[in-house]
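Before any comments, here is the structure.
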Amino acid sequence: MGRTSKDKRDVYYRLAKENGWRARSAFKLLQLNEEFRLFEGVTRAVDLCAAPGSWSQVLSQKIGSPQGSGHVVAVDLQAMAPLPGVLQIQGDITQLSTAEDIFRHFEGCPADLVVCDGAPDVTGLHEVDEYLQAQLLLAALNIAAHVLKPGGCFVAKIFRGRDMTLIYSQLHVFFSSVLCAKPSSSRKASREAFAVCQGYDPPEGFLPDLTKPLPDPSYNRGLNQSDGPTRSIVPFVTCGDLSSYDSDLSYPLDLEDGSEPKYTPRHAAPHLAPVPAGLHIEEDVTAGQGDPSPGLRHQHSGHIVPAPGCPTATP
């Protein structure tokens, strides 16, 4: 990393701080909107797994909800700092009570847009991470089926893997259009992408139930698919201006005076372990000569001896 942290060199991290976004992920939703026009005609939106709140910020600013009107509902297990125009629900997206709270806030009206940027703690095992992310996406889809209006839109994070075609088929049961999109602000090394589902149209007779699994992909309406692992081809779209910043490149910090960032050395040596009462460290004078951090040297060359006036401990 050197003396400048990766976060400081990450251009989207810096842009997020400059523009007041809570996280760099705000640019992902903005770029998805540029490509798919997600916010057109939206008056009620739900942000699932909302913390720390960057997507809720974007929604509250872009769909035109005045401060305090609460056209945006943010749901997360963790408490989140308040945002103007956003109602927060601290709850579990797998519980029916959460869907009821959303409906209650919208006065019985369904939502136009449901988004979910949540992800589980990464284990490093790709197969496990893909499975956990898929289960989180399906949980978000299940609650979206409760609160989303016909023709509505659903956007959720997905990890690209071998089971992606199965998830695509499951989503296509409920939506007329399903695409996989990767914003340019998402790092290329990351397997994350976003399922953009438009035109909510559940199967005839379907009743959402959080206690039961979603319908089998066999309900799919006329999706052209074959047998085997290549049963469907997932459309993939990249989002964001090609002339914009590259999330994998390092850009200069661009300080106001045009100078380079300066490294400031530490003000003190690392803290030494406390010495037992009645003892003190007898410094080795020669060890500290020419050493910019003699405190470090004393850990190895110092000798712990009884302090003056203290009796010598006997074994």
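Don't overthink the numbers, they just go from 1 along the chain as shown.
The backbone N, Cα and C atoms fix where each Cβ goes, glycine too.
Remember, TrEMBL labels are computer predictions, not curated facts.
Record features (TrEMBL):
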type	residues	note
ACT_SITE	Lys157	active site, proton acceptor
BINDING	Gly53, Trp55, Asp76, Asp92, Asp117	S-adenosyl-L-methionine binding site
DOMAIN	21-200	domain 'Ribosomal RNA methyltransferase FtsJ'
REGION	285-315	region 'Disordered'
Number of other Cβ atoms within 10 Å of the Cβ of Gly53 (S-adenosyl-L-methionine binding site) across all protein chains: 23
Taking the residues Gly53, Trp55, Asp76, Asp92, Asp117 listed for S-adenosyl-L-methionine, what is the greatest CA to CA distance in Å, to the nearest whole number? 18
Can you tell me whether DSSP puts Gly53 (S-adenosyl-L-methionine binding site) in helix, strand or coil? coil
Neighbour tally for Asp76 (S-adenosyl-L-methionine binding site), based on other Cβ positions within 10 Å of its Cβ: 21
Within 10 Å of its Cβ, which one of these binding-site residues (Asp92, Asp117) has the largest number of other Cβ atoms? Asp117
Where among the recorded positions Trp55, Lys157 do you find the Cβ with the fewest other Cβ atoms within 10 Å? Lys157
Can you see whether DSSP assigns Asp117 (S-adenosyl-L-methionine binding site) to helix, strand or coil? coil
Distance [Cα-Cα, Å, rounded] between Trp55 (S-adenosyl-L-methionine binding site) and the residue listed as 'active site, proton acceptor': 12
How far is it from Gly53 (S-adenosyl-L-methionine binding site) to Lys157 (active site, proton acceptor), counting Cα to Cα, in Å? 15
Reading the DSSP string in three states, the entry for Lys157 (active site, proton acceptor) is strand
Whole-number mean pLDDT, the domain 'Ribosomal RNA methyltransferase FtsJ' (21-200), equals 92
